[in-house]
Amino acid sequence: MPLRLEASSADFAPAFAALLAGKRESAQDVNDVVSAILADVRLRGDDALIDYTARFDKMTVSAEGLRFSDDEVDTAVALIEPALRDALALAAKRITRFHERQMPTAISFTDEDGVRLGQRWTAVSAAGLYVPGGLAAYPSSVLMNALPAKVAGVERLVMVVPTPAGRINPLVLAAAKLAGVDEIYRVGGAQAVAALAYGTRTIAPVDKIVGPGNAYVAAAKRQVFGTVGIDMIAGPSEILVVADGANDPDWIALDLLSQAEHDAAAQSILITDDRAFADRVERAVTDRLRTLSRTEIASASWRDHGAIILVGDLLRDAPALVDKVAPEHLELAVADPDALAARVRHAGAIFLGRYTPEAIGDYIAGPNHVLPTSRTARFSSGLGVLDFMKRTTLVGCGAESLGAIGPSAVRLARAEGLEAHGLSVAARMNRGWE
């Protein structure tokens, strides 16, 4: 049974706070193991990758065999039925078009003192994409991570994916080819992150690493941050649905289960102002769990982390609760979703109206599905083009403009006790240190 809360009850505040404070991430401490793997790969390079691949993926491979050949990729693509290939192509097209609109513009102007000022954006040179392996790997995540990098102008995009016992979902390779991935390597885990960060004889290092992974991959990304950039440390998936009683309860039940089926640690929350509707949704979830293929996972998620919150008025009460949850996915299944969305500050992605299930955003809508979890939407955003770019500011002074602003720079340098700073300005104004 999910947690049931009523905003009007006397104990709501502490109960809601406990819901927010509930820890869903793995408590597994893997930092020492990961540190050893990173150090080993940094020291032994390809030999370490080969050893770990044999140990963890039960697969013997040579250094030359770490990289997928073009023929292997083409063979995998040929295995995919045309309708599925077309669906993947449509997703890639829509994702690309949306992210093209995220491209920033340069700034260039001359201010009132005659100083030229500006800002330009450039892409990182190389990015690495981690893809969880096996037959259950998600090609949609390949598109969502790779296409923004390509739109940004990343010159070299590298994908690493473990292949347990040599198995890989051919859709993953097809998505990589469609997205323009330049190199694909059959290596995973913390050792793959190490290879991307430090480089080996076979795998040249990258500048930024993105993509989801298990506790070992997450710990590895944390530890190599600073040597390379990373996107985020993703936690279990989550959805918050704000729905009125005019909805089909089965639709809302399926939306809640769309995240619950990801992981037993995922969280699905419903906020509604209709008690009878809440009851119908709960019954619909129970009915659907009887037939869902991933029922064991979804049932554990709904039982341990699910919640239904009853409020007096959705427009008045829901936004404050939403902002405290700061959900990864927010569905607004109400008559006027825009009015409600305008009052929400913290959410990774917002899905507007009764006909916009979160799952449409996972695959085909266009915006990225790599989103902040675990309340980090309070201060961070989903993956996008800017994650693969950096800005550089530009300053240009002539003799006259330096004369206009230089004296103040000299005074500030003197106040900070940095003599050479001030002299470097004063010398250009034919002045000494005063």
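Each Cβ is built from the backbone N, Cα and C atoms, and glycine gets one as well.
Feature list (source: Swiss-Prot):
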type     : residues                                               : note
BINDING  : Tyr130, Gln191, Asn214                                 : NAD(+) binding site
BINDING  : Ser237, Gln259, His262, His329, Asp362, Glu416, His421 : substrate binding site
BINDING  : Gln259, His262, Asp362, His421                         : Zn(2+) binding site
ACT_SITE : Glu328                                                 : active site, proton acceptor
ACT_SITE : His329                                                 : active site, proton acceptor
Cα separation, Gln191 (NAD(+) binding site) to His329 (substrate binding site) (Å, whole number): 31
Other CB atoms, at most 10 A from the CB of Asp362 (substrate binding site): 20
Cβ neighbour count within 10 Å of His421 (substrate binding site): 15
Residue among the binding-site residues Asn214, Ser237, Gln259 whose Cβ has the most other Cβ atoms within 10 Å: Gln259
Nearest-integer angstrom distance between the alpha carbons (Cα) of Gln191 (NAD(+) binding site) and Gln259 (substrate binding site): 29
Nearest of the binding-site residues (Gln259, Asp362, Glu416) to Asn214 (NAD(+) binding site) - Cα to Cα: Gln259
Inter-residue C-alpha distance, Tyr130 (NAD(+) binding site) and His421 (substrate binding site) (nearest angstrom): 44
Lowest local Cβ density among His262, Glu328, His329, Glu416, which the record lists as recorded positions, within 10 Å: Glu416
Alpha-carbon distance [Glu328 (active site, proton acceptor); Glu416 (substrate binding site)] in Å: 45
Site diameter for NAD(+), Å, by largest Cα distance between Tyr130, Gln191, Asn214: 13
Mapped DSSP class for Gln259 (substrate binding site), helix or strand or coil: helix
Surrounding CB atoms that lie within 10 Å of the CB of Tyr130 (NAD(+) binding site), all protein chains: 27
Nearest recorded site to Glu328 (active site, proton acceptor) by CA-CA distance, among binding-site residues Ser237, Asp362, His421: Ser237
Number of other Cβ atoms within 10 Å of the Cβ of Gln191 (NAD(+) binding site) across all protein chains: 28
